[in-house]
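According to Swiss-Prot, the protein has these features:
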- 33-53: transmembrane segment (TRANSMEM)
- 77-98: transmembrane segment (TRANSMEM)
- 83, 182: heme b b562 binding site (BINDING)
- 97, 196: heme b b566 binding site (BINDING)
- 113-133: transmembrane segment (TRANSMEM)
- 178-198: transmembrane segment (TRANSMEM)
- 201: ubiquinone binding site (BINDING)
- 226-246: transmembrane segment (TRANSMEM)
- 288-308: transmembrane segment (TRANSMEM)
- 320-340: transmembrane segment (TRANSMEM)
- 347-367: transmembrane segment (TRANSMEM)
């Protein structure tokens, strides 16, 4: 009789995805981030669920309820710190996962890649609405500034903003609906993750040399299940260290002050993981232009597969393209730094140069160098 895990309708799905999945034998630790993102999502949903049991989404009590969680709920401080810093680890893993995809040409699995970009946008939306919930100064003003960007949409902009706010300013209606969204979106993300995996398993994983690996596949379990487990231990250790020793390292001090519509903080800025996009938004001295640049900074990932010109898949054997990739990484770091700086000389011009370079690398330089490298190979 065949094994139950191979015949049972439900277990068969899990078996084909986690046990008997044929996997390239040479995938490196850069392939660990998919499972780490799954772990992040599960940990965020669990800690978030317990926080939601004690949180109240009303402007008069939201800030106090978060303080109550940290002071009076059993291990509430720990749950909150894990949830807040878990978001940072989520984005660290996301950026490394995307960087891996760009470096090794994984984006040529177009459906998987595009669902991945949609997942990225969903996680960004989730993090944004979540940041509003503690109802501190940066929560309130961040919500005001970012939702206000929609007023740049021609003709319907103002109506759109008031519709999202549920009134004429960020108020109780806004907080209540943002809590509803923040509870809902992670489950949408989980659903989209299933699709992401479904499409990935149609083709199988890519690998560091970018060649077809059908001739050399090994079962996912035990080899990669244990490799993933090591990644889990490392990440959970790092998350625990951050949450226990430096819980407020990545937060904004302004968020310890309850929201006050009458007092604007000196520097309104998002969490560190949105700073690169915020820098691109601010580098254009026009509202609609800035909003379009902000959207494009993420959606540009969708055109990467279309602009792939090289005959080789990854950058493993392409030194010039490798240089461009690391320039992109450096550029992202510069943009992240600029996003947290005030709008004054020399930060304005640095941000504008970095923004132009960011789009040039994706849309011009990479396709050009890919084409050039093909010519060199022929020569």
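Glycine is no exception: its Cβ is also placed from the backbone N, Cα and C atoms.
Keep in mind the model is a prediction, meaning the values are calculated, not measured.
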Need a quick answer: max count of Cβ pairs under 8 Å to the transmembrane segment (288-308), which of 77-98, 178-198, 226-246, 320-340, 347-367 is it?
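When the Cβ pairs under 8 Å are tallied, 347-367 comes out ahead.
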If I restrict to non-local contacts, at least six residues apart, and a C-beta distance under 8 angstroms, what lies near residue 97 (heme b b566 binding site) in its own chain?
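Expected: 33, 34, 36, 37, 116.
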Using Cβ atoms and a strict cutoff of less than 8 Å, what residues sit near the transmembrane segment (320-340) while being 6 or more residues removed from its termini?
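Residues 95, 99, 102-103, 267, 269-270, 272, 274-280, 282-283, 310, 347, 350-351, 354-355, 357-358, 361-362, 365-366, 369-370, 372-373.
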Across all the protein chains here, work out how many other Cβ atoms are within 10 Å of the Cβ of residue 196 (heme b b566 binding site).
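Its Cβ shell of radius 10 Å holds 21 other Cβ atoms.
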Any idea what the Cα distance is from residue 83 (heme b b562 binding site) over to residue 201 (ubiquinone binding site), rounded to a whole Å?
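Cα to Cα, residue 83 (heme b b562 binding site) and residue 201 (ubiquinone binding site) are separated by 30 Å.
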A 10 Å Cβ contact count, applied to the binding-site residues 83, 182, 201: which residue has the minimum?
201
Between the stretches 33-53, 113-133, 178-198, which one has more Cβ pairs under 8 Å with the transmembrane segment (226-246) than any other?
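Between the stretches 33-53, 113-133, 178-198, 33-53 has the largest tally.
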Other than its close neighbours in sequence, what residues sit by the transmembrane segment (178-198), given a CB gap under 8 Å and a spacing of at least six beyond its ends?
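Contacts with the transmembrane segment (178-198): 17, 37-38, 41, 44-45, 48, 52, 55, 57, 112, 115-116, 118-119, 122-123, 125-126, 129-130, 132-133, 143.
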How many Å separate the Cα atoms of residue 196 (heme b b566 binding site) and residue 182 (heme b b562 binding site)?
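Per the Cα atoms, residue 196 (heme b b566 binding site) and residue 182 (heme b b562 binding site) stand 21 Å apart.
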Please report the Cα separation of residue 201 (ubiquinone binding site) and residue 182 (heme b b562 binding site) in Å, rounded to an integer.
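For residue 201 (ubiquinone binding site) versus residue 182 (heme b b562 binding site), the Cα atoms are 29 Å apart.
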